[in-house]
């Protein structure tokens, strides 16, 4: 009986040892789990209590009014140039008037006859019949200036549509140079026209009562608008196209918002 009791006691001790080992393991696991959970909880708490600061710098591209006004002036100059080139009212004398491509006689001429030799019949028009080299030269210069003015307006539009600041400046500079060269050609044509006509005036007979008509004034208007557009493009600096805006954002802790 004693032997059996001793064997049973040894078995019970082994069972108790087996039970103690996993219980210790479980206790150790529970301690480590609690420890890591506690650290994680503290880390979360600290992240909640710290306000996050974030600073952003934004580059804002601003379109200045002078660029828009210069574009409008270029469009007006193109319209005035087309109107002056297509008209026949650059010079007039009585019922006779001449343009760069045609000369006409008004239908209400009191004599009902051409005012001088080579002039068209009353109510009709034809190409200049006499030596008109200065007319051709003025027309060529004004046509080139018209093309350049339209090209400057196109480059201005491209510059306005560009998002890159360097690209904007490049297109604006091209528009400025082209507009300035267009003004130079217009000035040459408009100054040469009356001077050359004064030299050739004897070819139009004995008429001395010549005067410039409204088409010549419209051509000067186109020149002034183109000049104004080029001046505005020159005066508007490229570094004023961009503004830098700094903005700091603070994200407060949720605990403060709840309070």
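Any Cβ shown, glycine's included, is placed from N, Cα and C.
Model, not experiment: these values are computed from the prediction.
Record note: among 44-67, 68-91, 92-115, 68-91 is the stretch given as transmembrane segment by TrEMBL.
Checking the ranges 198-216, 217-235 against TrEMBL, the transmembrane segment annotation falls on 217-235.
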